Amino acid sequence: MSTTNHTSLPSGQDLDVASPDWLNKGDNAWQMTSAAMVGLQSVPGLVILYGSMVKKKWAVNSAFMALYAFAAVLLCWVLWAYEMSFGHKMVPIVGKPDAKGTAESYLLGRNELGGYVPTADYVFYQFAFAAITVILLGGSLLGRMNFYAWMMFVPLWTTLSYAVGAHTIWGKGFLTDRIIDYAGGYVIHLSSGVAGLTAAYWVGPRHREDRQHFPPNNIINMLGGAGFLWMGWTGFNGGAPLAANKITSLAVLNTHVCTATSILVWLSLDVAVYLKSSVVGAVQGMMTGLVCITPAAGIVDTWAAIIMGILSGLIPWYTMMVLHKKSAFLQKVDDTLGVFHTHAVAGLLGGLLSGLFAKPDLLVMFYNRDHLGPGFLYGVFNHEFSNGLRQMGFQVLGALFITVWNVVVTSLICIVISRIVPLRMDEDGLEIGDDAAHGEEAYALWGDGERLPIPLRFRMTPKMPSFCTRSVTNR
């Protein structure tokens, strides 16, 4: 009597056309969740944060800059920028532009860069990274940039700057397999901070009164936006392994431990020096902690994450609250939300500390290869001093490349745009704010000293490109 061995999977795990044998449904679900969490950091996270953290008259413009960038980057990403970042190498720093991000056969195939997930997951996850980088950069330009210039800046910078950094360090560029950058300390945060400061230099400062007095218009909403950022970072760092594995769990824990430590250090310094605990300061400390741990989240021990939190609360606080006031250049350049300090300084700090604290066994788990690292500290303890020193050298080299490239390319982009439209709104527009830029205001409150708006049919928009303007007859 013959017997038949049934080896079929549970009904929910059966293979079919939509679930091939290479697809891990658990990893796929986590990756889509992580991508959504990163997207929520921008929309609504930074939309709310920017719209609340600025002066009332700039609330609409600041929030809208974030919303526009999110939409514009997505189209650039699927049409050409994803392949420039992660596709076939064209030159050692960038891939060949291609519209594979719109091709079904490519998107539904297994992600060639690793993991048991469809390529579509990875395309969207990396889009969310690209979008938040540009939006973070925009924090340096709030309160004065001509919106039409911003509309041109976003696709140009995504193409010429972000794609280069991503390809060089994460894709198939000359620094790939040499730099430890777990989830974007260099690719995202150092680049956005440096590019933000550079663009702020070319755009010019806010209106003199705004620069002297620029209070948040809604601190409670600001905290809500900050909360989206903090909790969304679970997906930011948790999605990097492309799997729901041990590295993912460690990265999530380290992310929140470092961030909490950084907030407490920043608040302690505020209280010790200024005798008051600042809510805005707490948000800045939160941001620096999140940024600092990003390049190291899954490849350092939790005790190292605590040390990184202490340093991320201390060093950016010093550069923002002390060094900034002493530097003539930093005083001259109007970085509205201090993006240089919260992202460039904290991102550089995190990248260097990654080279110091990266643990050999965690590096092998994450990168699936043993030639990266070890961190300099483990190199000393494990008699691999030269290897640890070499890794620190690559961390410095990566920082230099990202910094120089962003200064040069961001400057060129701003110069080109300035030949088409003004980078900065005119003085009348700067005095009025949202109503001059968009014909809309954040709050429908009148009688508080604001002047009544000019009817829309009579309003000129002199900052539009010349080929878009039409004559208007005043009546």
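Our numbering is plain: 1 for the first residue shown, then up by one each step along the chain.
Using N, Cα and C of the backbone, Cβ positions are placed for all residues, glycine too.
TrEMBL entries are annotated by machine, without manual review.
Keep in mind the model is a prediction, meaning the values are calculated, not measured.
Database features, via TrEMBL:
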- 29-51: transmembrane segment (TRANSMEM)
- 29-443: domain 'Ammonium transporter AmtB-like' (DOMAIN)
- 63-82: transmembrane segment (TRANSMEM)
- 122-142: transmembrane segment (TRANSMEM)
- 149-170: transmembrane segment (TRANSMEM)
- 182-204: transmembrane segment (TRANSMEM)
- 216-235: transmembrane segment (TRANSMEM)
- 247-267: transmembrane segment (TRANSMEM)
- 279-297: transmembrane segment (TRANSMEM)
- 303-324: transmembrane segment (TRANSMEM)
- 336-358: transmembrane segment (TRANSMEM)
- 394-417: transmembrane segment (TRANSMEM)
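Residues 129, 132-134, 136-141, 144-145, 149, 153, 157, 161-162, 165-166, 169-170, 236-237, 239-240, 251, 291-292, 294-299, 333-336, 339-348, 350-351, 354, 366, 398-399, 402-403, 406-407, 410-411, 414-415, 418, 423-424 of the same chain lie 6+ residues outside the transmembrane segment (182-204) yet bring a C-beta within less than 8 angstroms of a C-beta in it.
Here the transmembrane segment (63-82) sits apart from the transmembrane segment (279-297); fewer than 3 CB pairs are under 8 Å, leaving out pairs fewer than 6 apart in sequence. Nonlocal intrachain contacts for the transmembrane segment (336-358), taken as residues 6+ away from its ends with a CB within less than 8 angstroms of a stretch CB, comprise 50, 53-54, 136-137, 139-143, 179-182, 185-186, 188-190, 192-194, 196-197, 200, 206, 214, 284, 287-289, 291-296, 299-301, 304, 307-308, 311-312, 315-316, 319-320, 324, 330, 372-378, 391-392, 394-396, 398-399. Counting Cβ pairs closer than 8 Å and at least 6 residues apart in sequence, the transmembrane segment (279-297) and the transmembrane segment (216-235) reach three or more and so form a contact. If you count C-beta pairs under 8 angstroms between the transmembrane segment (122-142) and each of 149-170, 216-235, 247-267, 394-417, the highest count goes to 149-170. Counting only same-chain residues 6+ beyond the ends of the transmembrane segment (394-417), those with a CB under 8 A from a CB of the stretch are 93, 149, 152-153, 156-157, 160-161, 164-165, 168-169, 175, 178-181, 186-187, 190-191, 194-195, 198-199, 202-203, 348, 351-352, 354-355, 423. Long-range Cβ contacts of the transmembrane segment (216-235) within its own chain (Cβ-Cβ under 8 Å, at least 6 residues beyond either end) map to 33-38, 40-41, 44-56, 59, 252, 255-256, 259, 279-280, 283, 286-287, 290, 294, 442. Confidence over the domain 'Ammonium transporter AmtB-like' (29-443), given as mean pLDDT on the 0 to 100 scale, stands at 95.
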